[in-house]
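Trainee: Copied straight from TrEMBL:
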- 13-202: domain 'Aminopeptidase N-like N-terminal' (DOMAIN)
- 242-459: domain 'Peptidase M1 membrane alanine aminopeptidase' (DOMAIN)
- HIS314, HIS318, GLU337: Zn(2+) binding site (BINDING)
- GLU315: active site, proton acceptor (ACT_SITE)
- TYR400: site 'Transition state stabilizer' (SITE)
- 538-857: domain 'ERAP1-like C-terminal' (DOMAIN)
Amino acid sequence: MSSRQILPTNVRPRHYALALTPDLDTFTFSGQVTIDIGVLEQTSTFVLNALELDVHSAKFYSTTGKTEQTYIASNVDLDTAKQTLTLTFPVPVPAGATGQLVIAFTGTINDQMCGFYRSSYTGSDGTKRYMGATQFAATDARRAFPCWDEPAIKATFDVALNVPRHMTTLSNMNVVSESEVKGESARKLVTFATTPAMSTYLLAFVVGELDYVEASSSGAKNGTPILCRVYTPPGQSEEGEFALDIATRTLEYFAGIFGQPYPLPKMDLIALPDFSMGAMENWGLVTFRTTALLWDKTSSSVNAKLRVAGVVAHELAHQWFGNLVTMAWWSDLWLNEGFATWVGWLAVDHLFPEWTIWNQFVADTVYSGLALDALRSSHPIEVRVDDATEIMQIFDAISYSKGGSVLRMLSDYLGIDVFLAGIRRYLKRHSYANASTDDLWHALSEESGLDVSTFMAAWTRQIGYPVLTVTSVDKAAFTVRQNRFLSSGDVSDAEDANLWWVPLALATESGQAANTADQTAALTARQGQFATPPHAVFFKLNHRQSGVYRVQYPKEHLDRLAQAIRAGQMVEVADRISVLSDAAALAVSGAGSTANVLSLLTSFENETEYLVWSEVNDHLTSIASLWFEQPEAERAALDAIAIRLFATQVQRLGWDPREDEGFLAAQLRTLAIQCAGMSGHKSVIEEARARFTKFITGNQAALHPDVRSPAFRIVVKYGGAEEFDAVLKQYRETKTADQKIAALSALAQTQDAALLDRLLNLSLSEEDVRPQDTIHLYRAVADNTMACRILWRFMQEKYDQLAGRYKAMPPMLGAAVKCACVRFSTRKDADEIEAFFAARDHRLVERAVQQSVERVRSNAAWLERAKDEVSAWLREHAASAPTSTGAAV
Ligand SMILES: [Zn+2]
């Protein structure tokens with residue numbers, strides 16, 4: 001096992017003055033960094049981080065007491081593997097010396113979306129233009145300048161950029177001066193105010209032609225209004241208005257709940273045409289991919305609006321949690337990401353209570369965490385990571401989703417007021433410094449009077465989570481046992497040794513159980529007995545899926561819950577979702593029956609809530625996708641279930657929005673049209689075609705932005721080259737970020753192998769599909785069961801090319817690998833995937849490969865178990881199902 005690659009602690013930086021001169025014609029830059037350092041132990045070598053830089057000189061101007069001395073590095077050694085720069089001086093520098101280390105260097109403005117990189121856009125004259133931007137998280141500041149590139153080594157920064165005169169230049173802080181560069185009238189020197197003490201991964205700058213919209217926050221909680229701007233490529237600034245509104249309001253909300261003002265004088269948010277992550281929380285200069293920041297009120301969809309609100313709130317939460325107080329090392333990445341995930345939703349809930357965002361949190365965040373953590377190849381929330389490659393691979397559903405879910409469970413248990421008071425204590429104590437998970441538990445313990453770490457340690461240090469099995473329910477009491485949950489269902493004794501603290505959170509038809517003792521009841525041992533809520537028609541555990549676990553009920557009890565759902569007695573949306581989700585997860589693991597899941601799915605016919613329908617669709621889709629190489633008649637029968645369920649919703653909601661309907665109804669319309677149409681509902685397909693024809697011939701109103709994505713998918717799936725080319729034209733011509741991705745994803749639904757080949761080849765042509773968007777395309781191809789094998793073959797043929805392209809972006813490469821493998825359901829496929837990667841260097845995507853192989857084996861086991869019972873169920877229920885494509889709307 002490798003050891004953690006950290007820098008020696010004999011030298012410490014306090015302040016950086018960074019001066020860079022980028023050249024956007026040659027994509028190179030020259031720079032000089034002057035670092036104020038202190039030497040703690042006598043040494044003749046300084047070791048810092050650098051990668052893909054040419055270092056031309058390094059001098060240390062030292063002062064020890066009254067002695068001044070200049071040390072000139074006699075040897076400059078760049079170690080590409082360790083990503084370090086070692087400066088060796090001819091004589092040792094004594095302990096106690098302070099002074100300035102001055103390093104001159106040059107580098108490349110790369111096309112890898114990390115470090116200092118270039119991003120292209122189309123100018124108003126139609127020509128291709130470039131801007132320069134940075135992405136330093138997690139470990140890529142070292143690609144832009146030599147530095148001590150670890151989160152715990154905080155320093156202050158002065159940034160000065162020598163840039164073309166006509167370009168806008170941004171950094172974390174406000175501009176303090178702009179002056180002409182001597183002898184170069186076409187350039188200017190822009191200097192920025194000194195930052196507070198911060199980690200290197202949060203530094204940022206951007207140079208380019210940009211437009212913006214601006215507004216100030218109210219200042220109600222910050223004391224003074226904060227100037228916020230949303231920057232966009234030229235001509236798109238209006239699309240920044242929605243994000244701007246979210247930003248100004250959220251900055252005040254967070255200043256209130258975090259108990260301290262936003263610490264910088266301004267907040268810029270910028271949409272970059274090329275961006276590897278969703279967004280990056282650089283202090284005072286948050287960078288986004290366009291789909292996460294831009295929202296056009298005339299042509300963007302309702303789902304895009306939710307995404308923008310969610311991502312902006314998440315990034316602004318980091319301004320305190322992550323930027324002001326930073327994890328000490330990447331093994332605590334979850335502290336940043338889990339917290340920003342949870343509190344980002346808290347802010348969206350505050351801004352848009354009618355969106356009922358916590359139900360969305362359950363459906364998206366909780367279940368994506370539980371899905372990944374049901375694999376052996378998952379990892380604990382607090383995870384050992386040694387080097388850059390390992391660090392990038394944990395930006396995943398465990399750090400974000402399970403982390404956020406665990407914090408929600410704790411805040412529900414302690415109460416939101418106590419929880420936030422503990423957070424304020426933690427932020428105050430560690431401001432401008434670093435902290436660990438234990439520091440957070442400590443602050444929450446002080447606030448709550450409970451020893452938080454005793455019951456939370458298991459959640460962050462152990463891999464996995466429990467399934468609670470409810471047994472022997474009678475009027476007085478019921479028994480609950482906990483065991484580790486694995487989706488493969490084959491938990492060994494050793495894997496089952498761990499126990500968790502599990503809050504039961506009983507719910508009945510009257511909402512949460514009246515007896516408060518039951519509300520705070522928690523299972524802490526392997527097994528426990530608890531009081532049955534008196535006079536309840538039904539009870540379920542894990543009210544609103546607040547806890548990070550699954551529940552298995554006896555068959556009669558589950559039937560009672562299904563009956564309560566049908567009778568409208570289970571009022572909480574998240575409770576209905578959790579009954580279904582748990583039953584489905586247990587069917588996969590073999591602890592429950594897939595046929596029973598199908599019965600349960602059909603009991604949602606009277607449902608009206610979008611998120612429950614979304615959950616119904618998820619499980620129906622995963623069964624249909626497991627069946628992708630099963631008999632045609634059975635697949636048609638599964639489609640018929642989807643048609644029957646969703647046709648009613650299409651009929652109820654229609655194709656055009658109504659003035660008085662809410663956000664969730666609009667989301668449900670999008671979902672219902674897609675599900676009914678993609679399952680083969682004739683009249684929905686016809687309506688999609690008719691509206692699409694009007695739309696592409698100039699009648700924009702024929703397809704409301706919310707239904708463009710489903711309509712595009714439907715016409716491509718049931719059309720040929722003509723429809724494919726028409727949607728491709730939409731993809732190329734639309735300027736709206738979310739609709740561009742919608743069109744690209746729709747293309748992937750073609751059933752024509754030749755068109756698929758064409759599309760997959762387009763995915764490698766940067767002129768057609770930006771490398772940042774390729775993953776959207778693969779994800780959409782993975783949704784098309786007909787294309788699964790074609791995608792996997794393509795991935796094998798092109799893997800080396802993709803690995804080269806994404807070598808600096810392991811999460812993207814990992815996501816591509818997962819897309820290509822995830823649908824398979826035979827052991828032979830699992831073996832083939834394993835053998836393919838075993839034969840080549842796959843360190844960049846090691847976790848993704850392990851997780852994919854495990855998922856395929858788990859699918860195989862599920863299919864073997866479910867095959868006969870599902871076939872029988874489908875035969876039995878075929879009589880009551882409508883003919884596959886005939887249901888009328
Ligand atoms: Zn984040």
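In case you wondered, yes, glycine gets a Cβ from its N, Cα and C as well.
TrEMBL annotations: computationally assigned, not manually curated.
Note that the structure is predicted; figures quoted are calculated from it, not measured.
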Trainee: Roughly how many Å lie between the Cα atoms of GLU337 (Zn(2+) binding site) and TYR400 (site 'Transition state stabilizer'), rounded to a whole value?
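Mentor: Given the Cα positions, GLU337 (Zn(2+) binding site) is 5 Å from TYR400 (site 'Transition state stabilizer').
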Trainee: Identify, among the binding-site residues HIS314, HIS318, the residue whose Cβ has the fewest other Cβ atoms within 10 Å in this structure.
Mentor: HIS318
Trainee: Could you round the CA separation between GLU315 (active site, proton acceptor) and TYR400 (site 'Transition state stabilizer') to a whole angstrom and send it over?
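Mentor: Answer for this pair: 13 Å between alpha carbons.
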Trainee: When you average the Cβ positions of HIS314, HIS318, GLU337 for the Zn(2+) site, which other residues in that chain have a Cβ within 8 Å of that mean position?
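Mentor: Going along the sequence, the neighbours come out as GLU281, GLU315, ALA317, PHE321, GLY322, ASN336, PHE339, ALA340, THR341, GLY344, TYR400.
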Trainee: Averaging the per-residue pLDDT over the domain 'ERAP1-like C-terminal' (538-857), what integer do you get?
Mentor: 95
Trainee: Work out how many Å separate HIS314 (Zn(2+) binding site) and TYR400 (site 'Transition state stabilizer') at their Cα atoms, rounded off.
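Mentor: The Cα atom of HIS314 (Zn(2+) binding site) is 11 Å away from the Cα atom of TYR400 (site 'Transition state stabilizer').
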Trainee: Which residues does TYR400 (site 'Transition state stabilizer') neighbour through Cβ under 8 Å, counting only same-chain ones at least six apart?
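Mentor: Expected: TRP334, GLU337, GLY338, THR341, THR365, GLY369.
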